[in-house]
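Student: Swiss-Prot feature annotations, pasted as is:
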{"type": "SIGNAL", "residues": "1-31", "note": "signal peptide"}
{"type": "DISULFID", "residues": "CYS65-CYS98", "note": "disulfide bond"}
{"type": "DISULFID", "residues": "CYS70-CYS77", "note": "disulfide bond"}
{"type": "DISULFID", "residues": "CYS73-CYS100", "note": "disulfide bond"}
Amino acid sequence: MKHEMMNIKPRCITIFFLLFALLLGNYVVQASRPRSIENTVSLLPQVHLLNSRRRHMIGSTAPTCTYNECRGCRYKCRAEQVPVEGNDPINSAYHYRCVCHR
C-alpha cells in the first residue's frame, strides 16, 4: 500500500507541472499581443470611413498596369474599377482600367 502511494505522488506532481507549464505558456502567448476592446471599437469608424470613400475591388487583388497602359502618365498610374455602362454605374458591371493620378 505504501509502495503504491509513493508511485502515485511523482505521477501527480509530474501531471501538475505539465498542466502548469501549458497554462503558463498559453498566458505568455496571449499576453504577447495585447488587444483592448476600447482600441478596437475606436478604430471601427475610421476603417468604415476609409472603405466607404472608394468602391471595393472586385476579386481579391487589383491587376497591375503594364508599361504601355501607363506610358502617358507623368505621375502615378494604378488600376481602378470603371463601370462598363456610364449611364447606370450602380447596376452596371465593372472592369479595370489604368488611370493616371497626380
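Heads up, the Cβ atoms here are built off N, Cα and C, so glycines get one too.
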Student: Nearest to CYS100 (disulfide bond) by Cα distance: which of the disulfide-bonded residues CYS65, CYS70, CYS77 is it?
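Tutor: Closest by Cα: CYS77.
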Student: For CYS70 (disulfide bond), list the number of other Cβ atoms lying within 10 Å of its Cβ atom.
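Tutor: For CYS70 (disulfide bond), the 10 Å Cβ neighbour count is 17.
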Student: Fewest other Cβ atoms within 10 Å: which of the disulfide-bonded residues CYS98, CYS100 wins that one? Let me know.
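Tutor: Sparsest of the disulfide-bonded residues CYS98, CYS100 by Cβ contacts within 10 Å: CYS100.
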Student: As a test of the contact definition, list every same-chain residue at least 6 positions from CYS77 (disulfide bond) whose Cβ is closer than 8 Å to its Cβ.
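Tutor: Non-local contacts for CYS77 (disulfide bond): CYS65, GLU69, CYS70, CYS98, VAL99, CYS100, HIS101.
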